[in-house]
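In what follows, a structure is listed as structure tokens, so that the remarks can point back to it.
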Amino acid sequence: MLAILKYKAGNQTSVRRALNHIGIPNVITADPAEIAASEGIIFPGVGAAGQAMDELTAAGLDAVLKEQVEAGKPLLGICVGCQIMLDYSQENDTRTLGIIPGECHLFNPALEDETGAPIRVPHMGWNRVIPRKPCALFKGISDDAEFYFVHSYFPNPQPDYVIATTTYGKEFCSVHGGPGLWAVQFHPEKSGRPGLKLLSNFHAYCKEAANAQ
């Protein structure tokens, strides 16, 4: 069973729909006991970093997430969830969770795309995600696969935590973390077959980790 974190800045329904489509048991919950009993946590997010942190803190879920990570529970952050797993976001000048060392920065609209035209901010659309190190999330996914992005800010973790990169005006980190602790800037639940495969890979990792305990 995967726990989808329930708070007011998350897009839980679309994540649940994707998991249901591929037969992965899941629950949308803010209950610390249910979260602790799950095999892994999905931490979605939409909107602004400041709002998301306010909602997490008000519900006491910031502490719950940190406790579960310290206990070794697998975690997958998505979009704003990915961003606020870092220490700080330029958006709303926000101190974030500090689960992974790094910051989140605004795209510079003066950057140019491959045609020489200024990039549009927010970045919206399909882009390749290039793994820079082996990662269980990408097992069985083609290097040519594209994922769906909607964001104005991008993660900038410490180099050791960069797992995959994407180019949009510049090369930026689109997946960061480490074994069992992952954050993806794109929306796997909206990314068709590659996104569903990534979610399936996360679930498989969670089950294996739970069985090993």
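Quick reminder: no glycine exception, Cβ is built from N, Cα and C everywhere.
Features reported for this protein in Swiss-Prot:
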{"type": "DOMAIN", "residues": "1-212", "note": "domain 'Glutamine amidotransferase type-1'"}
{"type": "ACT_SITE", "residues": "CYS79", "note": "active site, nucleophile"}
{"type": "ACT_SITE", "residues": "HIS187", "note": "active site"}
{"type": "ACT_SITE", "residues": "GLU189", "note": "active site"}
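Distribution of Swiss-Prot features across the structure.
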residue : record                   : Cβ neighbours (10 Å)
CYS79   : active site, nucleophile : 27
HIS187  : active site              : 21
GLU189  : active site              : 25
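Note on the domain 'Glutamine amidotransferase type-1' (1-212): its mean pLDDT in the predicted model is 96. Each residue contributes its Cα atom, and for CYS79 (active site, nucleophile) and GLU189 (active site) these two points are 11 Å apart. For the recorded site, CYS79 (active site, nucleophile), the DSSP three-state label reads coil.
DSSP classifies GLU189 (active site) as helix under the three-state reduction.
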